[in-house]
Amino acid sequence: MYKRYKDVSLILKIVIGIIVGAVLGVMVPSWSFIDVLGKLFVGALKAIAPLLVFLLIMSAISKYRSGAKNHFGTVIVLYLSATLFSSIAAVAVSYLFPIKLVLPGAMKIAESAPKDLGTVVTSLLTNAVANPISALVEGNYLAILFWSLLIGSGLRLTSAVTKKVVTELADTVSAVAQNVIQFAPFGIVGLLHESLSKTGVKGVMAYGQLLMLLVATMVFVYLVVYPFMVWLMTRQNPYPLTFWTLKVSGIPAFFTRSGAVNIPINLKASKDLGLNEESYAISIPLGGSANSGGAAITVSIMTLATANTMGVHVSIFLALLLCFLSAISATGVSGIAGGSLLLIPMAASLFGISNDIAMQVVGIGFIIGVVQDSVETAVNSASDLLFTATAEYADDRREGHPVDIRAKVKAAGKGTAEVVTPEKANEAEESEQV
């Protein structure tokens, strides 16, 4: 029974959940027992999210390899830069178009809104070095991020077996989180019923404004910010490659809503472009967890919308801090459907917003997630391919072997690009040395 339920498209189930929740919220707002479904769903997410974030970041950091003969260094710089620039763009858009949400039962004042720079820094440092076990139990995401980065760095020195164990643990917890997310339609019924019964249709309409802001920002980043980065690296027209990656990778990712599922598609597309197999065989799978520009946008915009709703003044310093925090914490979630939403409590804690309030916003995220998560995944997955190709073309340009990107894209579309295997790359390198 569960297998048959799981085989049904999550998007279809969520759409049905939205319709059922909306109908029940309007027709029978007094049936408060329906709200329990939302509470159970949010409670399960609240329980699994800290462990999931901890293991994913730790696993991603432990896989970093240095010294390999590939374009890995350039790819990493592009991945991290793209995620950071995405977060900055999201914060800028949030300042230009501030949005307030309607949260049932939420007070308009944060628990402990930071008052000055000294208080913020002291609080951040104190929270970051908290006991890691307590952090997992209490949901202290700043400490979770800090310790996962340190432990992940330490794991780089361990054996492959140890790293495999950590990866398998992360995969196991991810599978548990995926099973919880499978029940999102039931949770959405409860959450939407509660929202409609307590805030009315007007409150729910604010979610549409939030969705439009999220999607518009992601489109702007992929069609303006990312192409500018490609141009800076290659000094060629970036749009043939940008649109091609969007077509071959972004469209499939939009419907699968999973960067991990899209990895084989990106690997084939890299081969079609004639990229170095030794390079893309590493960067594409890593991009499934390390390149999360779409996730950074979601975390930044939804966190600032929460801060606006709670009446928290966001200074320039805190906004910049949010950019870095969103960029770092987004590492590891692009391969999970709805994974970025689980990072909102960590980002919200920066402004003294309680975990309970933040999880209400996570619930809103799942309501709009049919579109938001699909667009986010498309941006993340397509940019994995975009920056993998850009890194190789940029390195070739620096070495005095510029590549005609438009011709490469055209050849890839016809399936006539020359494939660069590790053996061919080594032969070319040896001939240059001679």
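From the backbone N, Cα and C atoms, a Cβ is placed for every residue, glycine too.
Taken from Swiss-Prot, the feature region 'Disordered' covers 414-434.
Per Swiss-Prot, the feature transmembrane segment maps to 14-34 (among others). Long-range contacts of the transmembrane segment (14-34) within the same chain: residues 184-197, 201, 204, 366-367, 369-370, each at least 6 residues beyond the stretch ends and with a Cβ under 8 Å from a Cβ of the stretch.
The feature transmembrane segment is assigned by Swiss-Prot to 41-61 (among others), with sequence analysis given as support. Through the fold, the transmembrane segment (41-61) approaches residues 132, 135-137, 139-141, 144-145, 147-149, 151-153, 155-156, 163, 166-167, 169-170, 173-174, 176-177, 180, 183-184, 186-188, 190-191, 286, 289-290, 329, 331-333, 336, 339, 342-343, 345-346, 355, 359-360, 362-363, 366 of its own chain, all at least 6 residues removed from its boundaries and within a Cβ separation under 8 Å.
Under the heading transmembrane segment, Swiss-Prot lists 72-92 (among others). Sequence-distant contacts of the transmembrane segment (72-92), counting only residues of its own chain at least 6 positions beyond either end whose CB sits under 8 Å from a CB of the stretch, comprise 64-65, 217, 220-221, 225-226, 229, 233, 279, 282-283, 286-287, 290-301, 304, 319, 322-324, 326-327, 330-331, 383, 387-388, 390-392, 394-395.
Per Swiss-Prot, the feature transmembrane segment maps to 135-155 (among others); the stated evidence is sequence analysis. Within the chain carrying the transmembrane segment (135-155), a Cβ under 8 angstroms from the stretch's Cβ atoms is held by residues 46, 49-51, 53-55, 57-62, 124, 127-129, 162-163, 166, 325, 328-329, 343, 345-347, 349-350, 355, all 6 or more beyond its ends.
Under 8 Å from some Cβ of the transmembrane segment (172-192) lie the Cβ atoms of residues 5-6, 10, 13-14, 16-18, 20-22, 24-25, 34-42, 44-45, 48-49, 51-52, 55-56, 204, 335-339, 342, 363-364, 366-367, 369, all in the same chain and six or more residues away from its ends. Summarising the annotation, Swiss-Prot assigns transmembrane segment to 172-192 (among others) and lists sequence analysis as the type of evidence.
The feature transmembrane segment is assigned by Swiss-Prot to 210-230 (among others), with sequence analysis given as support.
Residues or ranges marked as transmembrane segment by Swiss-Prot: 282-302 (among others). Sequence-distant contacts of the transmembrane segment (282-302), counting only residues of its own chain at least 6 positions beyond either end whose CB sits under 8 Å from a CB of the stretch, comprise 56, 59-60, 63, 65, 68, 70-72, 75-76, 79-80, 82-87, 89-91, 93-94, 99, 210, 213-214, 217-218, 221, 226, 259-260, 262-263, 266-267, 270, 322-323, 326-327, 329-335, 339-341, 343-344, 347, 361, 364-365, 372, 375-381, 383-385, 387-388, 391.
According to Swiss-Prot, the feature transmembrane segment maps to 316-336 (among others).
The transmembrane segment annotation in Swiss-Prot covers 351-371 (among others).
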